[in-house]
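Student: Below, the features straight out of Swiss-Prot:
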- GLN37, LEU38, ARG39, ILE40, LYS41, ASN69, SER108, LYS137: 4-amino-2-methyl-5-(diphosphooxymethyl)pyrimidine binding site (BINDING)
- ASP70, ASP89: Mg(2+) binding site (BINDING)
Amino acid sequence: MYQPEFPPVPFRLGLYPVVDSVQWIERLLDAGVRTLQLRIKDRRDEEVEADVVAAIALGRRYNARLFINDYWRLAIKHQAYGVHLGQEDLQATDLSAIRAAGLRLGVSTHDDMEIDVALAARPSYIALGHVFPTQTKQMPSAPQGLEQLARHVERLADYPTVAIGGISLARAPAVIATGVGSIAVVSAITQAADWRLATAQLLEIAGVGDE
């Protein structure tokens with residue numbers, strides 16, 4: 001049974017764009033998205049703090065679920081909705097501090113062993129990836145594909161799950177059909193010829209998430 005040690009999130013988080021700027025956060029909130037992640041990589045805390053503060057304020061204004069990738073100290077300091085961590089970040093992070101601050105926690109996984117590690121932390125949701133080949137970031141693992149994704153979703157039947165990695169508009173319906181509760185997208189929106197149209201179409205497929 002789903003019993004996270006961190007505050008719970010809706011079972012279905014719906015469309016979950018992962019973006020690297022406050023400008024994209026504001027655009028997508030205005031377009032109706034209600035679950036988002038600010039992912040800025042390889043900068044010092046003091047370099048990203050203003051962006052984190054602005055993103056959190058926007059999330060509050062729209063009553064959205066805004067996760068901060070990696071910068072957990074800033075997320076705690078400015079009371080974000082939640083934090084998302086990769087496997088490589090778990091050991092170096094004070095999970096008890098995140099939990100004590102009342103923030104939700106999402107954790108990335110790439111195989112059964114990493115799912116075991118994530119489950120031990122009892123986060124708010126588990127991300128499953130990468131489903132398809134992706135150019136967004138360098139991945140040491142092979143794509144899982146839909147069959148493997150469906151197996152993981154079945155294993156985590158009582159847990160909020162998020163599929164990520166190479167999910168395009170064309171692939172999104174098949175991903176949702178596995179039963180996963182959310183699809184995280186990057187280039188499907190940010191590199192679309194018409195990002196507003198792409199966002200609207202993806203919202204039709206994945207929804208805005210449960211209340």
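Positions of Cβ are set from backbone N, Cα and C atoms, glycine also.
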Student: What does DSSP call ASP89 (Mg(2+) binding site) in the simple three-state scheme?
Tutor: helix
Student: When you measure from the Cβ of ARG39 (4-amino-2-methyl-5-(diphosphooxymethyl)pyrimidine binding site), which residues in the chain that are at least 6 apart have a Cβ under 8 Å away?
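Tutor: Within the chain, ARG39 (4-amino-2-methyl-5-(diphosphooxymethyl)pyrimidine binding site) has Cβ neighbours under 8 Å at VAL18, VAL19, ASP20, ASN69, ASP70, HIS84.
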Student: What does the structure give for the C-alpha distance between LYS41 (4-amino-2-methyl-5-(diphosphooxymethyl)pyrimidine binding site) and ASP89 (Mg(2+) binding site)? Integer Å is fine.
Tutor: 12
Student: If you count CB neighbours within 10 Å, which one among the binding-site residues ASN69, SER108 has the smallest count?
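Tutor: The binding-site residues ASN69, SER108 were compared, and ASN69 has the fewest Cβ atoms within 10 Å.
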Student: Which of the three DSSP states, helix, strand or coil, fits ARG39 (4-amino-2-methyl-5-(diphosphooxymethyl)pyrimidine binding site)?
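Tutor: The residue in question, ARG39 (4-amino-2-methyl-5-(diphosphooxymethyl)pyrimidine binding site), is coil (DSSP, three-state).
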Student: Specify the count of other C-beta atoms within 10 Å of the C-beta of LEU38 (4-amino-2-methyl-5-(diphosphooxymethyl)pyrimidine binding site).
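Tutor: Neighbour count, Cβ to Cβ under the 10 Å cut-off: 28.
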Student: Expressed to the nearest Å, what is the distance separating ILE40 (4-amino-2-methyl-5-(diphosphooxymethyl)pyrimidine binding site) and ASP89 (Mg(2+) binding site) at their Cα atoms?
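Tutor: ILE40 (4-amino-2-methyl-5-(diphosphooxymethyl)pyrimidine binding site) and ASP89 (Mg(2+) binding site) have their Cα atoms 14 Å apart.
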Student: With an 8 Å cut-off on Cβ-Cβ distance and a minimum sequence separation of at least 6, pull the same-chain contacts of ASP89 (Mg(2+) binding site), or say none.
Tutor: ASP70
